[in-house]
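Here is what TrEMBL says about this protein:
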- 12-32: transmembrane segment (TRANSMEM)
- 44-68: transmembrane segment (TRANSMEM)
- 147-164: transmembrane segment (TRANSMEM)
- 184-204: transmembrane segment (TRANSMEM)
- 216-237: transmembrane segment (TRANSMEM)
- 257-277: transmembrane segment (TRANSMEM)
- 284-302: transmembrane segment (TRANSMEM)
- 308-326: transmembrane segment (TRANSMEM)
Amino acid sequence: MEKHTMLGQNTLRYFSLFILTLQTTLTVLAMRYSRKQTEGGKDLYIATTLVLVSELIKFMFCLILLLIQKSGSIEQLLKALGSEVIFKPSETVKLAIPSSLYTIQNNLILLALSSLDAATFQVTYQLKILTTAFFSVLLLRKDIKAFQWLALIVLMSGVILVQFSSDGKQKEANIVPSNPHKHLIGMLAVVASSLSSGFAGVYYEKLLKESAQPSVIIRNIQLGIFSIIFGTAGVVINDWDKVSQRGFFDGYTSVVWLVIMLQAMGGLVVAAVIKYADNILKGFATSVSIILSCLCSYVVLHDLNLDLTFVLGTGLVILATFMYGIQSHNTPFIGSNSSNNLIVDKDENEDISRASYTKAEKPKIL
C-alpha cells in the first residue's frame, strides 16, 4: 500500500514538473511570437487591450469559483460580494496598490518581449528573485541566509554576462537597427517589471498576513476589480486613439488568444499542481524552461545567436536558481513565476488564478 502511495506521489511530482515547465515556457514563447509578427506590414495588436482582456477573464474565473463555493446559488454569490467587497471599502481599497503594480508589470513584460528575444528575457527576468528577496528583508524583516546571498550574487553575475553577450552580438553584426535603443528599452522594461513583481508579491503577502479577510477568493475578486480599472485606464490613456481608429480587437490572432488564456489560466494551472512541488522541483522546472526558451528562440524563432558568454551567463542563472531554492527548501519561499499573482489557501478547495507565488504556512501565496 505504501509503495503505491509513494508511486502516486512521485507521479504527481513529475506531472507537476511537466506542467510548470510547459506553462512557463509556453507563456514566454507565445508572448514573444505574438510581439514579433511584424512581417507583411500588418499592425500588431494593441498590448494594453490584451492586458485588460486577460484581467476580465481572470475576474470571471474568480466569480465562477465563488459561485461553485456557494453551491451554485447566485443569491449567495451576490450576498457575499455585497457584504465582503462593496460594504467593506476599507478592505477592498487595500488591493489597489498590488493590482496597479501587476497591471504595470504585465504591460512592461509585453514591452520587453517586443524588444528582446525570449531567451534573454527569460534569463534576465530571474532578477525577480533578487528583488523579492530585497523587499522581503525590507518589508517583512525576513532573514536571508549567507548561502542565499551568494546565490543572488551568482544570479547577478549570470544576468550581466547575458547582457554583455547581447551587446557584443549587436556590435559584431555591424547593422544599424531601426531603433538603436530597442535593446535598452527592453532591458529597462525587464528590470522595472522585476522590481514591480518583487514589491507587489511581498506587499501582497504582508497584506494577507495582516488581514482579517479569510477568503482568498474574495481577495482575488477585490484584486481583479482594481486590475480591470487600471487596465481600462491603460487602454484609455495610452492607446485610445489606436483603439478608435483600428478597433479594440484589431490584430488579434489565434496566438494572441493563446497568450490571453495562458495569462488568465496560468495561475490556476500552477495552483492546481504546486502543492505537489517543492522549491527544488520549481527550480528545476524554471531551469528546464530557460533551456527550452533558448532552444526555441534559436531553432524556431531565429532571434537568438548563442555564444559562449550567453551560455555561461545562462548556466550561472540556472545554478543560482537551484542554490536559492535548496536553501529555501525548509523555509518560507517567495518567488514569482509569471506576470500574474496566484493565491492558494489549503483550507479552501478552490485554487485562484493569478500567477506569482509565495510558499508559506498560512495563507499560501502563490
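Each residue, glycine too, has its Cβ placed from N, Cα and C.
It is 44-68 that, among the stretches 12-32, 44-68, 184-204, 284-302, 308-326, forms the most Cβ pairs under 8 Å with the transmembrane segment (216-237). Residues 119, 123, 126, 129, 133, 147-148, 150-152, 154-155, 157-166, 168, 279-280, 282-284, 286-287, 290-291, 294, 333 of the same chain, all 6+ positions outside the transmembrane segment (308-326), place their C-beta atoms under 8 angstroms from a C-beta of that stretch.
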